[in-house]
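Comments concern the structure below.
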Amino acid sequence: LTRKPLLLNKVEGSQDVVNMAAIVPKEDGVISVSEDRTVRVWLKRDSGQYWPSIYHAMPSPCSCMSFNPETRRLSIGLDNGTISEFILSEDYNKMTLVKSYQAHQSRVIMILFVLEMEWVLSTGQDKHFTWHCSESGQRLGGYRTSAGACGLQFDVETRHVFVGDHSGQVTILKLEQESCSLVTTFKGHTGGVTALCWDPIQRVLFSGSSDHSIIMWDIGGRKGTAIELQGHNDKVQSLSYAHHTRQLISCGADGGIVVWNMDVERQETPEWLDSDSCQKCDQPFFWNFKQMWDSKKIGLRQHHCRKCGKAVCGKCSSKRSSIPLMGFEFEVRVCDSCHESITDEERAPTATFHDSKHNIVHVHFDATRGWLLTSGTDKVIKLWDMTPVVS
């Protein structure tokens, strides 16, 4: 039995990239914002198709959104730096503008509405993280990031905010009512951070990157461990976490939907060791002129074993293997002795791979129904039943 997501519906009609979409809880509905400047609320009709019950044009392309089902408050980020806040009617047939915030100098990248604090958090291309009071509309504070920020997550319990930016860095800030302080920064990606996902129960942060990788940062354990997950062939675009089954859902620009089992004991990838010669056969590497001269041998190219981290030559690392417990779902270079030590059980996959057949920009997961919503650059929104996989 091949377990794979079931495509429930395709929602089409947007004239440009759908930057973000969300499932309406307890309704057969979808809210979407698009580069074509429209906000649409799609409700499922008797025909089985989704048709807009709301079609609202904004003054600028809609880059992101945040919907709070309890208050039916919809916050929309625009390309011109504005955040507009609406209240949706109970029947989802009308949206009423409440207020607007001039939050950024350029495109709003991410928004979070925190009901417990009555805060609106946002990041923008202007390299700023800001937060506003949603009751008064006043700006409470801001922080300049090292580059344009994409990922944004917030922990209500500790008031820590996580901001991922294009430099590959994750910044952790502690927010007070009108001030913030820098707690620490994480640097582990070789490309920009494109998505963040926070699990407040295990106190683990996941960061996805344009370097095709995901890093799991153990913040609650205070051990400073960072587990790498390698399962995409293109940049990771969006992350979501299924708390009840401890599965991470990641989506990429390659159209791949990867479901990771996070309920296994994973291992940290080793740091790569430095050496002037192969740590297996002692042959010099090509920059080690002295040993090359002394031994009258041409220097070799340096590689690294992904399992032990040793610096090895190509001859001593001729084998490839997947190491799922280290996050390597694809085959990677390992030294010959490590290859022999990896058992078939250790090669058993800890993730399942699925093709969405569109370039995914953002995902939204509804855990109560097991539905996943993917929005893409092809102007299409797809609704998937993930219960065969996430269960």
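Cβ coordinates are placed from backbone N, Cα and C, and glycine is handled just like the others.
Whatever TrEMBL says is automated annotation, not expert-curated.
Annotation source TrEMBL lists domain 'FYVE-type' at 272-343.
Feature annotation from TrEMBL assigns repeat 'WD' to 11-42 (among others). Helix, strand and coil counts from DSSP across the repeat 'WD' (11-42) read 0 helix, 19 strand, 13 coil.
Assigned with DSSP, the residues of the repeat 'WD' (186-219) fall into helix, strand and coil as follows: 0 helix, 21 strand, 13 coil. Per TrEMBL, repeat 'WD' is recorded for 186-219 (among others).
TrEMBL lists 229-270 (among others) with the feature repeat 'WD'. Here the repeat 'WD' (229-270) has a mean pLDDT of 91 out of 100.
Annotation comment: TrEMBL describes 353-386 (among others) as repeat 'WD'.
Taking Cβ pairs closer than 8 Å, the repeat 'WD' (229-270) reaches residues 5, 191, 194-199, 201-202, 204, 206, 208-216, 306-309, 325-330, 332, 350-365, 367, 372, 374, 384, 386, 389-391 in its own chain, all 6 or more past its ends.
For the repeat 'WD' (353-386), same-chain residues at least 6 beyond its ends with a Cβ under 8 Å from one of its own Cβ atoms are 4-12, 14-23, 25, 30, 32, 34, 42, 231, 237-244, 249, 251-259, 329.
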